[in-house]
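The structure under discussion appears below in the form of structure tokens.
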Amino acid sequence: MAGDQLNVLNALDVAKTQWYHFTAIIIAGMGFFTDAYDLFCISLVTKLLGRIYYHVDGSEKPGTLPPNVSAAVNGVAFCGTLAGQLFFGWLGDKLGRKKVYGMTLMVMVLCSIASGLSFGSNPKTVMTTLCFFRFWLGFGIGGDYPLSATIMSEYANKKTRGAFIAAVFAMQGFGILTGGIFAIIVSAAFEAKFPAPTYQIDALASTVPQADYVWRIILMVGALPAAMTYYSRSKMPETARYTALVAKDAKLAASNMSKVLQVEIEAEQQGTEDKSNSFGLFSKEFMKRHGLHLLGTTSTWFLLDIAFYSQNLFQKDIFSAIGWIPPAQTMNAIQEVFKIARAQTLIALCSTVPGYWFTVAFIDVIGRFAIQMMGFFFMTVFMFALAIPYDHWTHKENRIGFVAMYSLTFFFANFGPNATTFVVPAEIFPARFRSTCHGISAASGKLGAMVGAFGFLYLAQSPDKTKTEHGYPPGIGVKNSLIVLGVVNLLGMVFTLLVPESKGKSLEEMSGENEQNDESSSSSNNNSNNAVSTA
């Protein structure tokens with residue numbers, strides 16, 4: 001890479017934080033807001049789907065989704081997300097970030113609406129169409145991971161880059177929060193308009209016909225924030241790093257950045273390509289330079305998501321233990337949606353959202369490595385603290401302590417590896433592979449999410465087949481599952497050692513794209529500082 005290319009990039013690295021940086025955070029962050037809303041809102045309505053479509057006359061308890069149907073409805077979006085992360089990650093490097101960025105939103109908008117319009121003459125066909133549209137919804141969501149992270153990293157200055165990328169990711173917390181609040185509003189409105197007896201009083205009447213609209217409305221509203229952001233995304237210029245380093249047009253890169261950032265960049269003639277940086281993805285040279293880095297980002301994200309998505313194992317027990325969700329038969333269908341949404345909203349407000357924003361505040365102060373290592377460490381400690389004396393926590397008088405431990409575990413997931421595993425892959429790989437490698441890392445994480453959400457759902461079943469949930473085979477029990485999760489977090493600490501610290505360093509320094517041009521880089525940096533000071 002030549003000095004004239006470095007000129008525009010160094011100007012971005014030293015540019016002061018300005019309004020367009022925050023605009024980019026909002027534009028990219030609204031995608032993640034939508035992602036979180038769409039992925040998490042399904043958990044608010046699965047109980048309702050069971051009552052509506054799988055009611056059994058004469059049963060003591062309301063209908064529930066069979067294990068295979070529940071796994072499909074909850075997990076199919078993860079499968080789509082994994083595929084979308086790989087495909088759009090690759091496409092973002094092939095065609096450019098800007099060209100692909102709007103596609104993901106359109107897929108999300110169309111499939112959010114279509115999910116709420118799922119149709120069929122019997123439960124099987126309704127669930128099939130719902131799963132079909134949620135797969136493609138996940139496909140669009142998956143594309144947002146590598147593209148949003150890459151775009152934000154390539155726009156940001158090196159001083160606050162970590163906070164900017166983490167802020168985009170932190171919008172997930174608000175998406176979860178909004179999903180819960182909206183479900184509370186919708187269910188409260190329907191309960192007021194269409195009151196119904198509890199299940200134990202009148203099983204059939206406890207689910208009013210209008211309840212079928214509740215889950216559809218909640219799913220469809222996910223299209224709104226994505227649709228509102230589409231125009232803004234279409235107006236974002238291509239990132240300077242893609243234009244200069246991949247498209248090899250430093251002049252256009254300088255022109256594009258001068259339009260949106262208050263930085264004076266002299267448009268110089270096109271530089272020559274550095275042959276030492278022309279190796280391909282997964283080539284011998286790539287593996288030599290970045291092989292361990294990619295192993296580090298994929299393994300830590302995989303291990304983190306196993307633990308993070310295993311929270312489904314304990315939520316229902318925790319909510320019931322502290323009285324947030326009473327037994328299902330003591331509520332009607334819409335009341336159950338209200339109680340579940342209220343519980344999830346409180347968890348998001350007290351644990352999830354603060355953890356995200358602690359990362360935003362401290363990531364450029366103490367660094368990515370320290371936050372990730374600290375997060376895995378405390379997750380390990382709290383998982384073992386829950387597991388080893390598990391029988392102690394099952395006593396009613398000790399359950400508040402269990403809830404506190406549980407909340408701290410996921411606070412340190414968010415003020416820890418859940419955020420840093422998203423940030424780091426967008427910083428340490430060359431520009432021409434950045435989106436692809438982030439997509440690979442994210443897809444590895446989503447594979448871990450499937451293991452955590454569904455593998456452990458089976459694994460955590462009681463070894464005594466008479467005590468397993470309906471339709472599930474015997475497992476190893478919750479205590480042993482917690483021990484396994486503690487070991488998973490411990491492995492996360494080990495693999496974090498493969499991930500380099502990127503705090504305060506330029507993307508080109510981290511990726512090695514300027515290692516042959518130290519002198520020209522230094523010269524260009526001086527020029528850039530002069531340009532910025534006059535801007």
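Including glycine, each Cβ sits where the backbone N, Cα and C put it.
Not measured: the values here are computed from a predicted model.
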**Message:** Membrane side check (same topological domain name in Swiss-Prot): Leu9 and Phe429?
**Reply:** yes
Ranges in play 132-152, 237-257, with Swiss-Prot marking transmembrane segment at 132-152
Of 185-205, 290-310, the range Swiss-Prot tags as transmembrane segment is 290-310
Q) Can at least 3 Cβ pairs under 8 A be found between the transmembrane segment (212-232) and the transmembrane segment (369-389), with each pair 6 or more apart in sequence? A) no
Check your understanding: Are there three or more C-beta pairs under 8 angstroms joining the transmembrane segment (400-420) and the transmembrane segment (439-459), sequence spacing 6 or more?
Key -> no
With the greatest number of Cβ pairs under 8 Å to the transmembrane segment (162-182), the stretch among 100-120, 290-310, 346-366 is 346-366
Problem - Cβ-based contact of the transmembrane segment (132-152) with the transmembrane segment (25-45), 3 or more pairs under 8 Å - result: yes
For the transmembrane segment (369-389), the distant same-chain contacts (Cβ-Cβ under 8 Å, at least six residues beyond its ends) come to 300, 304, 307, 359, 362-363, 402, 405-406, 408-409, 412-413, 415-421, 424, 479-480, 482-483, 485-486, 489-490, 492-493, 496, 499-501
Given the transmembrane segment (290-310), its same-chain partners at Cβ distance under 8 Å and 6+ residues beyond its ends are 372, 376, 379, 383, 410, 413, 417-418, 421, 424-425, 428-430, 433, 437, 440-442, 444-453, 456, 481, 485, 488-489, 491-492, 495-500, 511
Among 25-45, 71-91, 346-366, 481-501, the stretch with the most Cβ pairs under 8 Å to the transmembrane segment (400-420) is 346-366
